[in-house]
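Remarks on the structure that follows.
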Protein chains: 2
Amino acid sequence: MPQHGPRDLPEGDPFGPATLPYGVFTTADEPGRPRVGVRYGAHVLDAAAAAAAHGSAYAGLLDRPTLNPLMAAGRPVWRAVRAEVRGWLADEAHFHPLDEVTLHLPFEVADYVDFYASEHHAGNVGRIFRPDAPDPLTPNWKHLPIGYHGRAGTVVVSGTDVVRPRGQRKAPSDEAPSFGPSLRLDLESEVGFVVGTPTELGTPVTLEDFREHVFGVCLLNDWSARDVQAWEYVPLGPFLGKSFATSVSAWITPLEAFDAARTAPPERTHPLLPYLDDSGAEPGGIDLRIEVAVNGETITRPPFSAMYWTAAQQLAHMTVNGASLRTGDLYASGTVSGPEPDQVGCLLELTQGKGPWLADGDVVTLTAWAPGPDGTRVGLGEVTGRIVPAHEH
Amino acid sequence: MPQHGPRDLPEGDPFGPATLPYGVFTTADEPGRPRVGVRYGAHVLDAAAAAAAHGSAYAGLLDRPTLNPLMAAGRPVWRAVRAEVRGWLADEAHFHPLDEVTLHLPFEVADYVDFYASEHHAGNVGRIFRPDAPDPLTPNWKHLPIGYHGRAGTVVVSGTDVVRPRGQRKAPSDEAPSFGPSLRLDLESEVGFVVGTPTELGTPVTLEDFREHVFGVCLLNDWSARDVQAWEYVPLGPFLGKSFATSVSAWITPLEAFDAARTAPPERTHPLLPYLDDSGAEPGGIDLRIEVAVNGETITRPPFSAMYWTAAQQLAHMTVNGASLRTGDLYASGTVSGPEPDQVGCLLELTQGKGPWLADGDVVTLTAWAPGPDGTRVGLGEVTGRIVPAHEH
């Protein structure tokens, strides 16, 4: 039974009434009944119970084990449910302390795409991986948001242990590849966008329609085995260096919660084709400030506002060939890195490719918030994971 | 109501009792009730109806709109159901003529991975895409089966029209990229493997366990927009050049139907790490003969037996980092090309990169069969698709 109300919301808490992210939780009483909850401060509102108690027309979308039915319902429903949730906050009957519930992967992932949208990150990585290239950015970089598909089946919820992957690696000086646990395990701090409203095959999504399709935003750690990746990725891209695990926050913050944090992306240095040209549109960036901590110590503060390509441009690009969207499609920004050395989004950049890398037992935690209305903060749920030793097979 | 029995099976028909592939179909009478069928010659056995009529314990796995429940049930069940299906062939009450049913995408695709396992294909493509490289194969090619994730949400069933994709392309001589319908639309003839039994995260599948996890085999056309692909694919691999559509056959032929067609893969020229070393194992290749026709005219005959990497090696590699499998995971061989000019698996190779490419209205059809027991043939369902003009947006 709920013991506490939400009255104890501390000032500046990034999970106040301007945030209201959705997740899926169970209680110790009913471990077999995952359902939709809304985070409020250090509490979880049982949205399924509140909807039933208040006779909401949307109760059937909330007493579900994933967010997918709500996500598929479309933007008018998202707005209506959010308004109802605000009303339910006054009723203290349906709250659980956050530390007394279990959080689950909040949605069924359909396809997972990872972009590469920070010019600072791409430049830094280009200099490390391709030191002899005349330009650290490939010629296409300023013309399209580069992306690739990742493994949807290994997206895990924050808190899931990450087993150190094993694989092939070969340094240029090695005669032959060797096999074993990755020696260069890295994190990548990213922001993920979750698709709600699907599309038909053959139907591109324009920049203007972005908000009709994207349900919400999460924080994401795209764990990377740099030694595996470096050996495998030419010519078809990253595969096993990434596919062992991708962690997402347990909370999906609705897109509209970031309305007050919109910001213009960096000035574009190359002309854009019309389907990507957002020069006349509302600002497509989000002033989201990420903090990356290892074992409780902050090591870098990547600014999402520095991303060259916006989430709307990524969606427009991803669908311009007619590729359809499904409810549950997840696409991530790529590593968020700013221009300063203490703003880079992964250890590869932070250590200039030299390490140290993640050690067994290390706990990596990403947090993020953006300015909300009236001096408030709007948070993304944290994404955390502990490295556990490679299995012996 | 079924009108014909299966007695009229012509000699040499690749869909005889040694094949018995599974699909999902509807009839005009009951368009809202997709269910599992088995192809037998030019007929479809209504497996759901036959199971019910014969009191099969597996009826609940067959009266379903996808093969996923059957696929998830595991190899002992697959063998038992196949034995029962053989028995039901004698009962003529549950057959429909193939041309009177509608075939559907037979399974829900979880993750889709595409490999690059033909040495002939990789060599030919390397020479065309990277003419200045000293070796057409990248240094990793002989050490691991190169693969990448594709878009699961745009896998479509044979017979689905393929809309010519639009996208960015830039020839080296162009000053800037341009946008429009792909001018270099290609086919890729491939063989797909469908995962039934899932695994837990952190659990690699060994070469020996391949048959416990792979349910069956399909034919696959990995449509490719070569101009889009060439401009986008460095450094993170193919994306929009492939993600607009991937066609699969409507029939999934059980893996064990190819037992008589097993063949040794080409001799390995480089030593393999233990997890990929199949030198002591049963032959991992399949003597499957593919025919590619455009508008009814055969243009090439790729031999699957020429593939350097086997499906078992691909599965072992894909999971060696601990990546889990889900029921419905699909992985494809990569373009099947043999050593001869009339054995290559795509127009890029067939025309040395010069075209002509696929035109609007072209119909591409792939068929394939392998030797079965006692001189029979074991077929894969055809995969066909017609190119329709790009949409105007």
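Start at 1 and count along the chain as shown; that gives each residue its number.
Glycine is no exception: its Cβ is also placed from the backbone N, Cα and C atoms.
All annotation found in TrEMBL is predicted automatically rather than curated by experts.
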Residue from B:Asp63, B:Asp161, B:Asp222, B:Asp227 that TrEMBL also lists as binding Ca(2+) with B:Asp114, B:Glu188, B:Glu190: B:Asp222
Pairwise CA distance, B:Gln229 (substrate binding site) versus B:His121 (active site, proton acceptor), rounded so that it is a whole Å: 16
Chain A, Cβ under 8 Å: which of the recorded positions B:Tyr116, B:His121, B:Glu188, B:Glu190, B:Tyr233, B:Thr335 qualify: B:Tyr116, B:Tyr233
For the domain 'Fumarylacetoacetase N-terminal' (B:19-106), residues assigned helix / strand / coil by DSSP: 36 helix, 23 strand, 29 coil
CB-centroid shell, 8 A cutoff, Mg(2+) site B:Asp222, B:Lys242, B:Thr246, site residues removed: B:Asp114, B:Gly150, B:Arg151, B:Glu188, B:Leu220, B:Asn221, B:Trp223, B:Ser224, B:Ser243, B:Ala245, B:Ala332
Of B:Tyr116, B:His121, B:Arg130, B:Glu190, B:Asp222, B:Thr335, i.e. the recorded positions, those within 10 Å of B:Lys242 (Mg(2+) binding site) when Cα atoms are compared: B:Asp222
Number of Cβ atoms other than its own within 10 Å, given for B:Asp114 (Ca(2+) binding site): 27
Conformational class of B:Tyr233 (substrate binding site) under the three-state DSSP mapping: coil
Segment-level pLDDT (mean, integer) for the domain 'Fumarylacetoacetase N-terminal' (B:19-106): 97
